[in-house]
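Mind looking over this structure? Questions follow.
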C-alpha cells in the first residue's frame, strides 16, 4: 500500500510516525551536511556567527548549514530583538520562544547552545505537528489508516529543510494543528455546551499563537467567522442563552486569532510612531501596519507585484503545489467526506487553504507556497484518501514522488545558500 507498507503498522501509529520522522530527518540533515562541504554562495552565515559568537566559535557545521536566508533574521531577533525596521517582517513567535527556553538554561551553557536550541525547537515542533495532525484526523474522520498516511505525508512535506531550519513553519504547523484539534473536539456531539464554547475560545488562543509565528495564520479566523454566522442564523430561528454563548465564544476566538498579529504591530507602533516628528510613513496610514509596509518596501510584496517575466520560473516551480492546494480545497469544499458534526469545519479549513493559495498567486513571493503548505491539513487528507483508494492510487504516487524529490533537492540548494527560498 505504498507509504504504509514500507514503514507503518496501524497497530502502532505513533511509533511508526516517530521512526519515519527520525529516518526522514536523518536523510535531510545528511543532504544538508553534504551540501555544506561546498563553498557558500553567500557569506552572510559566516559573518553572522563570527560577529555573534566570535571568530572560531564552536558552532556545529550542521547548524550553520541550516542558518540560511530568512533564518538569519530569526537568529538575530532571538539574540537581541528587533533592531532594524525590515526585521518586523518576520514573526516574533520563534525568537520569543527560543529566547524563553534559553533564559531558563545555565548562563554559561546557554550562549554556546543558542544556535542548537532554536534548531532543536524547530525539530520538536515538527514532531508535535505530525502527532497533532494524526490526532486531528482521528477526531474528524475516525479512520486510522487515513490518519497514518496523512501524518506521514506531513513528514515528507515539500517544505523539506525549512521544517528543520530556524524558520517559523514547524511551530506554525504545530500550533495550527493543535488549534484545529481543539476546535474539532468542541464540535463533537458528546461535547457539553459549555465545553464547546470553552474549546472555541481555546482554539482561538492557540491559533492566535500560530499567527504570532506566521501572519498567514490570520486566515484561520475564517473558522470563527463561519461559526459566528452559523450561530447567528441558528439563534434567529430559535433564540436561546446557549446560542448567545456560542456567538460570544466564536467572536472572542476570532479576536484572539487577530491578536497574534495585532500585538506585534502595536509594539512596533509604540516604538516608531509615538514621536510625530520622526515617525515613519506607515504610521500615518489608516491601518498603521509595519508588517505590510516592510513587506512592500523591502521585499516588493503586493498585489501582482511578482507578476514579471523574470519570476516565471518561480511560478512554474510553485505550480504543482498550487494545483494540489486549490484542487484539494475545492474538492473538500464540495465533499468533506466526514460526519455531520465536522463537515462545516472541514469546509472552512478547505476555504482557508484555497484562500492562501490564491494569495500566493496574486500577492506573495509565489515560491514560498511550497513551505506555507505544510501548515494546512486539508490537502494531506485529500492526497492520503487518494493513496488509500485503489482507483486513484497509481496516479497519486506521482504527488508523493514530487514531494520527496522536491524536499531533497531543495534541501541541498538551501544548505548551499542557493534559491529557491
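Residue numbers in this text run from 1 along the chain shown.
Cβ atoms here come from the backbone N, Cα and C positions, even for glycine.
Pulled these features from TrEMBL for this protein:
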TRANSMEM  17-38  transmembrane segment
TRANSMEM  115-134  transmembrane segment
TRANSMEM  146-165  transmembrane segment
TRANSMEM  171-187  transmembrane segment
TRANSMEM  240-263  transmembrane segment
TRANSMEM  312-333  transmembrane segment
TRANSMEM  345-362  transmembrane segment
TRANSMEM  368-388  transmembrane segment
TRANSMEM  400-420  transmembrane segment
Name the range, of those listed as 17-38, 146-165, 368-388, that has the largest tally of Cβ pairs under 8 Å with the transmembrane segment (400-420).
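The stretch with the most contacts is 146-165.
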Pairs 6 or more apart in sequence, C-beta under 8 angstroms, 3 or more of them: is that satisfied by the transmembrane segment (312-333) and the transmembrane segment (345-362)?
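Touching, yes - the transmembrane segment (312-333) and the transmembrane segment (345-362) meet the threshold of 3 or more Cβ pairs under 8 Å.
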Report, as numbers and ranges, every residue of the chain located at least six residues beyond the transmembrane segment (17-38) whose Cβ falls under 8 Å of a Cβ in that stretch; write 'none' if there are none.
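Answer is 7-8, 61-62, 64-66, 123, 126-127, 130-131, 134, 148, 151-152, 155-156, 160-161, 164, 407-408, 411-416.
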